[in-house]
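These features come from TrEMBL:
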TRANSMEM  21-42  transmembrane segment
TRANSMEM  62-80  transmembrane segment
DOMAIN    63-173  domain 'ABC3 transporter permease C-terminal'
TRANSMEM  110-133  transmembrane segment
TRANSMEM  153-175  transmembrane segment
TRANSMEM  196-218  transmembrane segment
TRANSMEM  224-253  transmembrane segment
TRANSMEM  282-303  transmembrane segment
TRANSMEM  509-531  transmembrane segment
TRANSMEM  565-587  transmembrane segment
TRANSMEM  599-617  transmembrane segment
Amino acid sequence: MTFRQLAYKNVTRNKRTYAAYFFSSMFSVMVFFVYAVFAFHPSLSNESLGSYVSLGMRFAESIIYVFSFFFVLYSMSTFLKARKKEFGIFVIHGISNFQLKLLVFLENMMIGFGATVSGITAGLILAKALLLIGENAIGLVGKLPFYFPWKAIIFTFIAFLALFLFISLFTATILRGNKLIDLFTGSAKPKPEPKASIWLSLLAAILLLAGYTIALLVRKEGVFFAMIPVTIIVSIGTYFLFTQLSVSIISALKHNKKLYRYKTNMIALSNLAYRMKDNARIFFIVTIVSTVAFASIGTLVGLRSMMVDVMTNGKPYAFTYSSKKNNVQEMKHVALIESELNKAKFKYKELKIPAKNETSLRTGNEVTLVKQSIFNQYARDENEKTVLLKGNETIYVPYSQKGVDQFNRNEKIVLKENNITLNPVKVMTHSTFPLLSTSYNLLVVPDLVYNEIRSSKEENHYLFDVNGWQETRAVGNILLKKITPSPDRTYFFSSLAVDVGKTTESMSLILFVGLFIGAVFFVAAGSFLYFRLYSDLDEDIRQYSAITKLGLTEKELTKVITTQLALLFFVPIIVATIHGAIALTALQHMFEYSLVKESTLVLGSFFLIQILYFLFMRTRYIHHVKRALM
């Protein structure tokens, strides 16, 4: 048998040991390849959105490639650790250190080559379905046909062969310095009883509490500035939570004799401290990776929802046409909008609002003024409260929460152009009256005051209230072609359905990329747990075999295994869920928009997936253990 044949036989005959490493590598290749299929799609370069799509996909691809490197490196190190005893047998039979390294190098390259080819093949099979999903998410329906992605194939093949070549060479460093006794004992050496520092345990609790408190207390721009220090504080706290605090908690539980001696708790708790100490770094990695996935996807889902809600906030008007004083096409354009709506047989209600734009002397910001009579007419039509103003009184209608916070009833508003002083008597935050501008605050003034103001910035705003405005996108596109943008900015036309559609399409692209990256990170987190679980399988079987000889029943064994697996799978995810909920709450404070619905949806979905993954892995693990014990 040649040396290459020995490496090949090792790979093909020991499928369980090699399968986890192979499939994790194949998964990384497949995800990278799918991104490459999008990034190199010929249709995207010809679309206005294409450059952004391609840029987004290539950015995501770079992230996935870097992550794949560390993911495959970890998988390989776990894989080698599980084979130490096998390496010891080779050493006894006279294999040299160089030959052992060469053997591992050849095996890794075989697995890497097979994983690369398999990943690309699996990606090709799924490409059409994924392109269809991408069409719907990005909004380029019918414009992303399936094509043979030869560029993506070559790029992926070269990228991952280089990755596996580097990692295979890197194994020489990992294998160096192992003695024969170390190879045979592997991870089965007697372990000292886990100990924890009470001070580091307290530090973990203090850091987590401090990080959470800061994240929940800061508001608006403060969230952005607090983001990095809070992330560092919580990350350090999380590390000490798993390495120190968890061991201290388990030690305290063991000192509770009643709890410790109850049924199989003695077995579970005795082994739990060792598992927590051994798995601390894995728990830390899984928690951080899962938190990134939760927070990023929750943010993107919330941002998409927020942008659409802001556009449709209050009473949504299908079309808005704003005309300045010197616009000679005003009546022509209004008639055109009415004509197209009638032609499409839409029932609508037209609202005309005259307004004047002035400058506040104190702030230097522009404000929009409307008559009290116009405001009250609208209020009566919408069954809202009317207002009664006297003298120079005014009602302040802010365009954002920032305007509400800045409102001061005691501060008078002086209009710079006319030197007229207005007395604000009320701030109105619950009116559905259209703001007419997304950047100017609105002032309702008595008709006499309005008529006194001589303004060069008079405008007429026409708003069209259409039943089922969501269906007016086709009409909106027709009107946007006929009412072209004004070169001198004397008029402005917008279609809500068109604007919402474009925003949704743009955000769907970002969400699609974000969901894919988040899914990759979450699956990777599950894979970390999977590798840790199966790397300890042989040692666990020996422990369970010894315990069953002492009289542990099959039912009790299943309960012990379930408890230990549940902690392995859910402790990091529960911590990550708390981290994610805190992060999304902080972002909610920054955006001043409720993300409760989106947070619940994202965190709940991931938790459900984790439960299903746990049930599947529990079934498989118990099957392996019982088959080995029978």
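In case you wondered, yes, glycine gets a Cβ from its N, Cα and C as well.
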Most Cβ pairs under 8 Å with the transmembrane segment (110-133), selected from 21-42, 62-80, 224-253, 565-587, 599-617: 21-42
Same-chain residues at least 6 beyond the ends of the transmembrane segment (196-218) whose Cβ lies under 8 Å from its Cβ atoms: 225-226, 229-230, 233-234, 236-241, 243-245, 247-248, 251, 582-583, 585-586, 589
Across the domain 'ABC3 transporter permease C-terminal' (63-173), average pLDDT on the 0 to 100 scale: 78
Secondary structure composition of the domain 'ABC3 transporter permease C-terminal' (63-173) [DSSP: H/G/I, E/B, coil]: 94 helix, 0 strand, 17 coil
